Amino acid sequence: MKSLKEEIQKLAADLNIQKIGFTKADDFEYLRASLIEQKEAGHTSGFEHKNLDERLQPKLSLEDAKTIISIGIAYPNKAEEKPEKTEYRRGSFSRGSWGEDYHHVLRRKLKELAEGIEKIAGDFNYTAMVDTGALVDVAVAARAGLGFVGKNGLLVSKEYGSWMFLGELVTNLDIEEDQPVDYGCGSCTRCVDFCPTKALLGDGRLNAQRCLSYQTQTRGVMPEEYREKIKTVIYGCDICQVVCPYNKGINSHFHPEMEPDPDLTNPELLPLLDLSNKEFANKFGNMAGSWRGKNPIQRNVVYALGNANDRSALPKLHDIAENDVRDYMVDAAEWAIEKLENKHRMRPRKR
């Protein structure tokens, strides 16, 4: 007769969940000093859960919590189809935004997992968390044995590298815990060395304010030092994953809903500037990269056009510089125009 843990492991495999692990719902108190230090240093993004105690104490999310079930689903990092060539230059979304928004996919998986467990074990108390939940997902996953926290701050496993999305069920079930893995980064510092903004601190933490992924998600004017560094990426950044040796040769295609549509993940840049809010939502709204709305994306498109040396964009950029009511778009257009025409700006830049 299979144990409850074995039954849940089989259920997870049947649900196409690539990694599952179990850890006690004990506090993550060892993170407290580091999280406080990061906030005081100005290294946080502002997207983190606000209540520090809730980030560290699972029982504040579920009073009778005993076991946390951590899951990872692997996603593709190489597209099987390329976008067709057109008259327009294309940009790109990072791989974490390919296909359907991973928050939706993970929530469905956790719901299916919880419903399956109920059929096995009867009613139980649980709360599901994905990305924006209270707990630190990578810390939960590492303690549950899914992998280790790399120097890039991401969860890394031998089977799937860091190309995994994480979520967890905090439950009142009593299940034997798994042990952390016995491998790690060793002396490798490739992610730290290749980060173009030196955002990685080298110990698994980062200065989120310097991370290009964060910068592409901000609203308003992007500081000038990051504009050329994003190249033609209009959302996110994958550099610290692409250079990781654990990711070499890995490309997972388990979930059809996460396969990229090349016209969305590598969109034509210039036409994107003419999309209304509704048109943007209709076209890109199912992607994780759309969560901040069209404005940051359109700003990034302007930077990308400048970086791509796309002089065909100059009429549109001049129109934005002269007529757009959004100050950050005017600023971006003037920057791109100067880059393309090598002229002085019309007015001082905001920094």
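One-based numbering along the chain as shown.
Placement of Cβ uses the backbone N, Cα and C atoms for every residue, glycine included.
In the three-state DSSP reading, Asp131 (active site, proton donor) counts as coil. Positions annotated as active site, proton donor by Swiss-Prot: Asp131.
Residues annotated as [4Fe-4S] cluster 1 binding site in Swiss-Prot, with sequence analysis given as evidence: Cys185, Cys188, Cys191, Cys244. Following the DSSP three-state reduction, the secondary structure of Cys191 ([4Fe-4S] cluster 1 binding site) is helix.
Annotation source Swiss-Prot lists [4Fe-4S] cluster 2 binding site at Cys195, Cys211, Cys237, Cys240. Note: Cys240 ([4Fe-4S] cluster 2 binding site) has non-local neighbours Asn152, Leu154, Cys191, Phe194, Cys195, Leu200, i.e. same-chain residues 6+ apart with C-beta under 8 A of its own C-beta.
Across the residues of the domain '4Fe-4S ferredoxin-type' (177-205), the predicted structure has a mean pLDDT of 98. Per Swiss-Prot, the feature domain '4Fe-4S ferredoxin-type' maps to 177-205.
Cα distances from Cys211 ([4Fe-4S] cluster 2 binding site) to the binding-site residues Cys185, Cys188, Cys244 are smallest for Cys244.
The [4Fe-4S] cluster 2 site is defined by Cys195, Cys211, Cys237, Cys240, and by the 8 Å test on Cβ atoms against their centroid, the other residues of the chain that qualify are Asn152, Cys191, Pro196, Thr197, Ala199, Leu200, Leu206, Leu212, Ser213, Ile239. Nearest to Asp131 (active site, proton donor) in space, judged by Cα atoms and limited to the binding-site residues Cys185, Cys188, Cys237, Cys244, is Cys237. Annotated pair Cys244 ([4Fe-4S] cluster 1 binding site) and Cys237 ([4Fe-4S] cluster 2 binding site), C-alpha to C-alpha distance, rounded: 14 Å.
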